[in-house]
Amino acid sequence: MVSAWCSIALALLLALHEGKGQAAATLEQPASAPKGRGPHLRFRRCSCNSWLDKECVYFCHLDIIWVNTAGQTAPYGLGNPPRRRRRSLPKRCECSTAGDSACATFCHRRHWPEAVVAPSSQAPAAVLKTGKMWTAEGDLLRKLRDISATKLRFARLQPEVTRKAIPAYSRWRKR
């Protein structure tokens, strides 16, 4: 009886050993193929100045997994750029290749609403026109001052609203 158990155990051991050898041989073939490719690299079109600018992160990082969480949409798979570089760049982002015109347009533009000094007969809401870009900081300040002056001119031309005089005493007695 002992010899029967020994022969069954030996047969089982040989069967398991052969099966393990076949599985190891099949696993080694795919494992050798990725070694030639190297590590997975994330493709970036540009590098954002701020991670809080979701539009920039979505535009620049082409290989990102976006996960919807309860409060916000969070990007995963991003690295953290050096703070020195983020502080030194006044622009929105920095392009990886200088020849990418779409990236240069996205990263280096500034959208500010352009204010036009309107005649004093127009309402201040009619003064603003959007869609043009400014390049100099002084233009924004000048345009904001023009808007303020237009609002003041418009307010002076409006007829004053007459208010009813409120009596100093109340008709109703408090009890």
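Here, residue 1 is simply the first one shown, and the rest follow in order.
Cβ coordinates are placed from backbone N, Cα and C, and glycine is handled just like the others.
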Name the residue range among 61-76, 93-108, 125-140, 157-172 that Swiss-Prot annotates as region 'Endothelin-like'. 93-108
Pick out which of Cys56, Cys60 Swiss-Prot lists as the disulfide partner of Cys46. Cys60
According to Swiss-Prot, the disulfide-paired cysteine of Cys48 among Cys6, Cys56: Cys56
Neighbour count check, CB within 10 A, over disulfide-bonded residues Cys46, Cys56, Cys60; minimum at Cys56
I'd like the per-state residue tally for the region 'Endothelin-like' (93-108) from DSSP, helix first, then strand, then coil. 8 helix, 3 strand, 5 coil
Under a three-state reduction of DSSP output, how is Cys48 (disulfide bond) classified: helix, strand, or coil? strand
